[in-house]
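Annotation source Swiss-Prot lists transmembrane segment at 40-62, 77-99, 112-129, 200-222, 272-294, 301-320, 325-347, 360-382, 450-472, 510-529, 609-631, 636-658 (among others).
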Amino acid sequence: MYLAILALPMFGSAVAGLRGRTIGVTGAHIITTGCLMTSAALSIVAFYEVGLSGSPVSIVIGSWIDSEFMLVQWGFLFDSLTVSMLLPVLIVSSLVHLYSISYMAGDPHNQRFFSYLSMFTFFMLVLVAGDNYFIMFVGWEGIGISSYLLINFWYTRMQANKAGMKALTVNRVGDMFLSVGFFAIFWVFGNVDYASVFSVAPYINETAITIIGLLLLVGAMAKSANIPLHTWLPDAMEGPTPVSALIHAATLVTAGVYLMLRSSPIIEYGPTVLVVITWVGALTAFFAATTGLLQNDLKRVIAYSTCSQMGYLFMAVGLSQYNVALFHLVNHAFFKALLFLAAGAVIHGMADQQDLRRLGGLVNFLPFTYTAILIGSLSLMALPFMTGFYSKDLILEVALGQYEVSGTIAYWLGTISAVFTAFYSFRLVSLTFFTTPNAPKGDYLHAHEAPMIIVIPLVILSIMSIVFGYIAKDMFVGVGTDFLSTALFQHPDHITLIEAEFGLPLLMKLLPAIGSLFGAGLALYLYHVVPSITISLTNGPIGYGVYSFLNAKWYWDALYNGLIIESGLRIGLVISKVIDRGIIELTGPYGLSTVLTGAGRSVATYDTGVITSYALYIMLGLVSLIFLVFAPTNMVFNEYGLSLILVYLSALVLLPSSTRTS
């Protein structure tokens, strides 16, 4: 059963990709979606057996690398962390497959699209279920390639090409550090198997742990879009909307967080690493929340909310609250998938329009889609008793419960980010559904709700966005729960959940919720009641400066393009001119041909046609040969040998000039 969870998505991908013309579009839909739904059902059974019944499963298929100093096996581990990740990955992926049947109905390359989707899911399952870091790396690289194929699915569009290459290139930076980190683990621990590495982690030098932790962190930052390696994430919106839902909800961006969670027995012994992770997460949450305030693309607003939520997850990891991070990861998968799929329903129903400034007044035309986006936005802003509330607010509480500088700063940055998150979430709702209609009249005349095959995933995700947090809270983060005790490690000094639950002032616990309600109300007031205020705010120099800074996304793209890319191109030009076309050309092909041509002409001058010259050459050759053959070894380079060489050279020089030039 456990191997079937992994094998079924790959089987569906292979059949749809290799036999797509034989089975047709409908066949590709049935096979890939059926395989994913079967895997999702089996993952629920696995969650019950492994997670709830406490029966971890380890499966070894065979040996991969077997040498004197390294043994890497094709092994898979199903513990409570693995099955907890399988739930959002497979449930969201199966719903995305079902949703895509209608959403991609008009595309001529359905078989290829569904093959890529299933392959993406398969590699994510390999990453999650592998029992060593090398198997994880196979899945890690697999989802990277799959994301490129999906983002660049419409490869005739220049922006899609650029977005795909950008995602692949930025992630390649993280992959380089990650691969070095994995080999550092092998060098320090002598193994890459989880059980072997984690068992000796407490006895390893702290400096080595810190270096390994930072290397793993850079890899996770690229994959989970934390600053400064976040720039690929908004551009990934060039792919089809189902791809956005799959990448941003349950697969690609969660891989980096999963790496940190799985490596908790290592990074727990590196306090410097934990502080750096906390700061990276807090700054990412704040940056993405401020940048999302001014985005006008429907999908990009949700993309920046994903980036912000990844910051919250990293913040929880840096605070050593791994169970809280996992809980928010699962919650986030459901309400973020709901937001993206509902946004796709808006785009689908409004003639592919996704500019917020060209929408408005859709609440009467798309009431069900409005309800779905409203539920997702309320869960994202952590409205009390929605799914997001039970994990997002808890992250801020445990940050304040640390009673450390990094934790306190993380709390305040996270709280401010929560206000901004609520603001841009309801800015999206207001501009899309409440404001004056701004789209062409024909778009409204043809506006329509999504068909039933799209409605079903939205209904399921809406229910999960409302009730899942309440149902799973005690299991994941309840006081005294041992659900994740065998999969995650938390040092006793870092346990602050009790303090966060019972020791903090009530005002500090309610402040994020109050701020979120204020941000949501402010957005509705500014964009629905008095929209003219938003224009006047940018008239002054300060307002215009802030607007320009946030609208330029903190100038990260300009920094990379101007400082790194342009400098690299200039250095490449200099290298090309000075070395490749300069030194190498002179000493290489051009210089070698010149030297050989000159040497050939010099040798040709000795072809004089004079018999006495030839006799001299023959005599010198014979004398030299006799000397080299019969002379003792120690005499070759003594005074006799040198004398013979001088005689030989003198004979060449003293030849009559007429003989040498005739």
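Every residue gets a Cβ built from N, Cα and C, even glycine.
Only sequence-distant pairs (6 or more apart) were considered; of these, fewer than three Cβ pairs between the transmembrane segment (450-472) and the transmembrane segment (301-320) are under 8 A, so the stretches are not in contact. Below 8 A, the CB atoms of the transmembrane segment (77-99) and the transmembrane segment (360-382) form no more than two pairs separated by six or more positions in the chain, fewer than 3 in all. Distant neighbours of the transmembrane segment (301-320): 220, 224-226, 230, 233-234, 236-237, 244, 248-249, 253, 256-257, 260-261, 264, 267-268, 274-289, 291-292, 295, 328-329, 332, 336, 339-340, 343, 356, 380, 392, 395, 398-399, 402, 406-407, 410, 414, 417, 421, 424-425, 427-428, 490-491, 494, 496; these residues of the same chain sit at least 6 beyond its ends, with a Cβ under 8 Å from one of its Cβ atoms.
Long-range contacts of the transmembrane segment (360-382) within the same chain, counting only residues at least 6 positions beyond its ends with a Cβ under 8 Å from a Cβ of the stretch, are 305, 309, 331, 334-336, 338-339, 341-343, 345-346, 349-350, 388-389, 392-393, 418, 421-422, 425-426, 428-429, 431-439, 444, 447-450, 455, 458, 461-462, 465-466, 469, 512-513, 516, 519-520.
Long-range contacts of the transmembrane segment (510-529) within the same chain: residues 381-384, 389, 392-393, 396, 414-416, 418-427, 429-431, 434-435, each at least 6 residues beyond the stretch ends and with a Cβ under 8 Å from a Cβ of the stretch.
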